[in-house]
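I'd like to ask you about the structure that follows.
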Amino acid sequence: MEHAQEQEACLEQTQRYCVQRPIYNQELLQGQLHRQQRTPQTLGQKIAHSCRCSSKKAKSHLYSFLPILKWLPRYPVKEYLLGDIISGISTGVMQLPQGLAYALLAAVPPVFGLYSSFYPVFLYTFFGTSKHISIGTFAVVSMMVGGVAVREVPDEIISVDYNSTNVTDVLEYYSARDTKRVQVAVALAFLSGLIQLCLGFLRFGFVAIYLTEPLVRGFTTAAAVHVFTSQLKYFLGIKTSRYSGPLSVVYSIAAVLSKITTTNIAALIVGLTCIVLLLIGKEINLRFKKKLPVPIPMEIIVVIIGTGVSAGMNLSESYKVDVVGNIPQGLRTPAVPEIQLIPALFVDAVAIAIVGFSMAVSMAKIFALKHGYTIDGNQELIALGICNSVGSFFQTFSITCSMSRSLVQESTGGRTQIAGTLSAIMVLLVIVAIGYLFEPLPQTVLAAIVMVNLKGMFKQFGDIMHFWRTSKIELAIWVVAFVASLFLGLDYGLLTAVTFAMITVIYRTQSPQYRILGQIPNTDIYCDVEEYEEVKEYPGIKIFQANTSLYFANSESYTSALKKKTGVDPGALLTARRKAQKRHAREIKAANEHRKKATNDVEASVKHEIASDDLPVNGKFADSSVQDIPPDEHEYFVEPKTNIHSLILDFTPVNFVDSVGAKTLKSIIKEYKEVGVCVCIASCSGPVMNELTRLNFFDKSVTRELLFHSIHDAVLACQVKDGCAAQ
């Protein structure tokens, strides 16, 4: 009782509005409004305006191209510097082992992972708009690069006798193979950077929206399986070839299983120990996140311990454990990428460019939303393009944002990309000074680091249950992206997933929800009659809504759903009318013949009493019989069996109409008019109205008077028309 009283009190306090105005159709509304005068610009004027330069415009473009000029002069040293230093050091100690480890994924020597962890990170500080993401090597992109490098330079392409006992021949083989693979990786970085630059300058930052979250998560989960599989041989110390392309996962697993008996026990023990230590470290960081000033840098600790143990026990010589090997000191001289490789790498470069940008911009948006600033998608494309293309002259492979390092950079107090610069400086110190210390580092340690970092991606398998509960279509996108990327390879898998995502969009527009609307009593609000008990339909009026635009792909289904939902099929009614008319004509004919036979006998007996000029032919009796049929009976046979006089099409969800949709709409209006049903259109937006005008939709039979500003305007107009017709 008290609850009911509270509800009544709330209703009484609810704000109300009352507006008195005419019933507006588009003809009347446009007649009362005055359009603003706009002088259309010619193409020459537009070009001249865009090329016009002023100091303010030049300054704006410069700040947009080099965001550091905007934020660095305003950098609050006292507030931000300490947090950036701690964040930079924390990120740098992660950058070092990940750079070395992800180089193995890219099928290049480990030192090139360090180069890729320095140049691009430093460049992004000047051109990037995100304050928190950590640019550098990333497992998924590194795996894609490695797949291309192995495809272009397989093990068999370098001729060498595998059974040769000459160490020099074997070393020359590996050196030649690695050199060619580096050339492929560098050319791929150069080309993907150029593609990103072009897309950025052409303002194509929106391309990332086509990589939906389910697609990206399914794709990265499959990439995690690829990465994990590729690391098994390093983790177990097994010598196998690396595979790329369709079914590469299957071939890699088969190759590892075929040589599982040759597992290096020492490498396996070292790898398992590293995995245990890394998992313990990550768990401690997670549980005591709020109490720890900075996360425990378990990766660099494992690298240092692994390097020390390997050097002390001489694992390479004593137990045949594969190690990182030669790490040359200093930076390499700039070199132009191998341009002749570009034609064979173009498709792969497009895939890497889009995936890399998608990863970076999605992470950047998360941090921007959390910390209250904005990022520029087009400038992010330009920044990544510069990082990849310029970095390729210094022997780097393709890079993007790392999720794990970005989270560390943000959580340890990083406020700007000064933190990224400091992490790059730490990598530089290793390259020029102490890189040689990591030469004894076992490759199984790097494999363990990569595998543990995949933990977050493998958790994405939980998406299956989530999408099963929320959206079956998004679940289908996730599954297709995962399965295609897993078995077809990351490049063809991504293409397949994007294509399937596009197909789901078409499917959704071709299979929309159709509803009949009714009024909430005493309001101008209209809802689905099947969803709410309070909603009532107006007698004789049907309000139809489809939550999609009207175009060639769904115009036929729109018409079918309209007939089904309203219960009025003009074609069926007209057919029934014709059949009724024919049946009625047959009955009249039969009645005439019966009456003619009866009257013939009468004529024979009374013929002499009938004047010849009164009834000259017997057909006169037939005419009389037709007129004897009651008018009500005639109406019953020829009129459609419907009590609907008005049909309102709600165009609120309609975003566009093409020529096929306009013709369909015109056909609907004419067909229903033939059976006595007036069709109106409500809530048609301005752009859709302009499209209908351009498509010559309006004529003498279909005028703007059929279009109304709202559903309620259309309902009131239909009631007025019906009232006038009844009178």
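Any Cβ shown, glycine's included, is placed from N, Cα and C.
Among the features that TrEMBL reports, transmembrane segment is placed at 100-127, 133-150, 184-211, 249-280, 292-313, 341-361, 418-438, 475-507. Taken from TrEMBL, the feature domain 'STAS' applies to 531-718.
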Among 133-150, 184-211, 249-280, 292-313, which stretch has the highest count of C-beta pairs below 8 Å with the transmembrane segment (341-361)?
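The stretch with the most close Cβ contacts to the transmembrane segment (341-361) is 184-211.
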What stretch in 100-127, 184-211, 292-313, 418-438, 475-507 has the biggest tally of Cβ pairs under 8 Å against the transmembrane segment (249-280)?
292-313
Can you tell me which of 100-127, 133-150, 184-211, 475-507 gets the most C-beta pairs within less than 8 Å of the transmembrane segment (418-438)?
100-127
Hey, which bits of the same chain come close to the transmembrane segment (100-127), Cβ under 8 Å, at least six residues off its ends?
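Beyond its ends, the transmembrane segment (100-127) has Cβ neighbours at 65-68, 134-139, 142-143, 145-146, 149-150, 178, 181-182, 185, 227, 230-231, 234, 242, 303, 324-328, 331-332, 379, 382-384, 386-388, 390-391, 394-397, 399, 417-418, 420-421, 423-424, 427-428, 430-431, 435, 438, 441, 443, 446-447, 449-450.
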May I ask for the residues of the chain that lie six or more residues beyond the transmembrane segment (133-150) and have a Cβ under 8 Å from a Cβ within it?
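Residues 91, 95, 98-99, 102-103, 105-108, 113, 116-117, 120-121, 124, 181, 184-185, 188-189, 219-220, 223-224, 226-227, 230, 242-245, 248, 345, 348, 351-352, 355-356, 359-360, 363-364, 367, 384, 387, 397-403, 405-406, 408-409, 420, 423, 450, 453-454, 457, 489-491.
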Mean pLDDT, the domain 'STAS' (531-718)?
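Reported value for the domain 'STAS' (531-718) is a mean pLDDT of 77.
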